[in-house]
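Per TrEMBL, the features are:
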TRANSMEM  12-33  transmembrane segment
DOMAIN    23-300  domain 'Sugar phosphate transporter'
TRANSMEM  39-59  transmembrane segment
TRANSMEM  79-96  transmembrane segment
TRANSMEM  129-149  transmembrane segment
TRANSMEM  155-175  transmembrane segment
TRANSMEM  187-207  transmembrane segment
TRANSMEM  227-247  transmembrane segment
TRANSMEM  254-276  transmembrane segment
TRANSMEM  282-302  transmembrane segment
């Protein structure tokens, strides 16, 4: 972005950007959970989300609201592996939401830093800081305790969530190591990801047998106003979430976006006990979720301390991902 290093954004704009990302990120989890309670075909839902994303970007470009470059086969080839891992992560995450309540889903997704640290260790990055390691272990311990006390335990849902963590880890590592093309805006990245996703998702829809049942159910439920509104929200929230994430990263910093994500998880866990149902409160389960949340907050604090005290080139894998996206949006 031109002049980004010359003008310091106002505190009000920084606050609005952070709040927008937090609210959009939190809302996305509940909206996806709500639609999956009525429409269980997650692969079809994800494909439709990507179709709407591409359509909105093209419409915005035609109307002059957004700017995006023409698609390039060379850049598409470089971004294809990243798109595959991204969609695998989202697809398995959506599948897990069908059987896992929101508090446990968020707790399981907090295992991503542990997976990233393990992947980094075996790829030659060495040992992380002691506080970082301990916070990640506390997070993992909280997941185990919470799972033991989860009366609504769903093996399929847990498996899907853990598989999502694996693909998210691979996605983070791949983005960090990939020399993604310079000069692409956030809109360009979303457009490439949406277009590249379609063949991959179409294959999954056919392979899993979702089609044509998913289409029949969609037509059957189309007359319901409540279903229609939630369905439309689920289609447009993806692009809104990406936009607010880029905005928060550019206006504030990668670290701020990471911390907002953790705080969002705390709020989502709390609301998850009272919204949409599916949560049987048990002392052991609640204790595990509290431990998991403490570990997540501790992890953000540890990374913040590491960034302040350590060399400037020592950043987390999550920050590396967000910084890479920031570069692409400039």
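From the backbone N, Cα and C atoms, a Cβ is placed for every residue, glycine too.
Just so you know, TrEMBL annotations are computer predictions that nobody has curated.
What you see is a predicted model, and the numbers here were worked out from it, not measured in a lab.
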Range from 12-33, 39-59, 129-149, 155-175 with most C-beta pairs under 8 A to the transmembrane segment (282-302): 129-149
Range from 12-33, 39-59, 79-96, 155-175, 227-247 with the greatest count of C-beta pairs under 8 A to the transmembrane segment (187-207): 39-59
Annotated stretches the transmembrane segment (155-175) and the transmembrane segment (79-96) touching (3 or more Cβ pairs under 8 Å): yes
CB contact flag for the transmembrane segment (39-59) and the transmembrane segment (227-247), at least three pairs under 8 A: yes
PLDDT averaged over every residue in the domain 'Sugar phosphate transporter' (23-300): 77
Same-chain residue ranges lying at least 6 outside the transmembrane segment (79-96) that approach it to Cβ under 8 Å: 32, 36, 42-43, 45-46, 50, 105, 108-109, 157-161, 163-164, 167-168, 170-171, 174-175, 178, 180-181, 189, 192-193, 196-197, 200-201, 204
